[in-house]
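Notes follow the structure.
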């Protein structure tokens, strides 16, 4: 097996990835240097870890708190939460490619500093508005016949959405671009940094909501807003300083492809598109100036004479279309789509699965314990990824992780038909006759004694995750469910959680595999826009699983949602298998 470094070329720029042998030799030399621990603490990797931990902690606190705040503001109604979720998802779907293109076109330090500043200032201002609304809610409701309250709600949602867009840009810049440059295009170091960042994300995903939740419970919502406000201000200063230092001590971060002005980019695209038809019938000899060429030049001149607002709009539309085309052209397109399909699932420790567990007699304390166990298995997945990648290679690591993920999810499918499962297909047939309905209803009641109707408001959040496959929230899907009634058998719920918990090992290993494939195979000039489109795809597929739950909200329907989720996950892994087959076939052809 050849040990030479691989290279990927794009746009005249060759990016070489070092082999594991070179990585290990360099690591051994580094460990032999006296005071290497102090050098590491001052190095770019540690600074990125600390900066990422502060950013992730603030994000997790804010994502948890804003959903609770919106419910409290609207009288424990989910309307504001639903509107906020739709605004967040829609904005990323529409602007994901534009955010990525902005990351590509600007210097790395300006992108990181601007994203960091916009994100933290938006959260800070939003926290101030929330503190004022919570403190003077009755007075605000009396001003302008209550319209000032609507204005405050709108300001909160807009600011929170801006903060989320800035967080998306910062994630693309740091975790998809900076890390690749900092590791010196070394595959081993890149895998290690990706795994470490994911471990930090897993830990903060559990601890940060608990911390801010305790503050809000022991004190008040106003104090909770103040706590988040203070955290963001301190975090802004520390992260700004750390990222600036990393940018200074890693000279390669200051090197990027040349920036092209917006108008020039659009005109170049128009010239290229309008000349495609001529290229199909072009003669070998140079063509003289013809009427067709004159009309092309005249059309371009008309574009330049358009008002600035129209040119900007056409450029934005063109950028979005070119971003999706660039995503489709990537050699890792199938792998990225496979990862996106994994977002359409109810098999995670989110509010949906938590709500279903409550209907099956699982207590909140036991659920908290299971969430902790799932976090440990997620960390095991990151450890497994680094070892499998070193032993079997990146592509084979994805295959092994996919098989492990699917194998564990078979337990969830078995739980649908196991004793204690509340699934009742008769509830999906609303147009049967009344006599048949009565008979089937009696049979269902005899078979399933632990199913409960929905009463009160359905606590159905629509807020997708921004950085990982499943987001965690203590909000319950099914409200007013009797918790003291035990099912006939716990076999079904045990199989369900056993499958969900063990599947996270393969899930996070697969997620890290696709993340590194995107980092290694996307050209530097397109990293931002392609990862922006990938974020849009993730949000789109995540919204589908909320639509599924809205269409089938009863606990008796959850088994159908499990089966549909497994089908989506199987489709995603099948896409990755096709990608792996193409890569291996290409390697055999090249050799």
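Keep in mind that glycine also has a Cβ here, set from the backbone N, Cα and C atoms.
From a predicted model like this one, the values you see are computed outputs, not experimental measurements.
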The annotated transmembrane segment range in TrEMBL, which must be one of 272-294, 295-317, 364-386, 433-455: 364-386
Which range of 8-34, 332-358 is transmembrane segment, per TrEMBL: 332-358
Transmembrane segment per TrEMBL - which of 111-134, 183-206: 111-134
Tertiary contacts of the transmembrane segment (489-507), as residues 6+ beyond its ends and Cβ separation under 8 Å: 342, 347-349, 353, 357, 360-362, 370, 373-374, 377-378, 380-381, 384, 400-416, 418-422, 469, 562
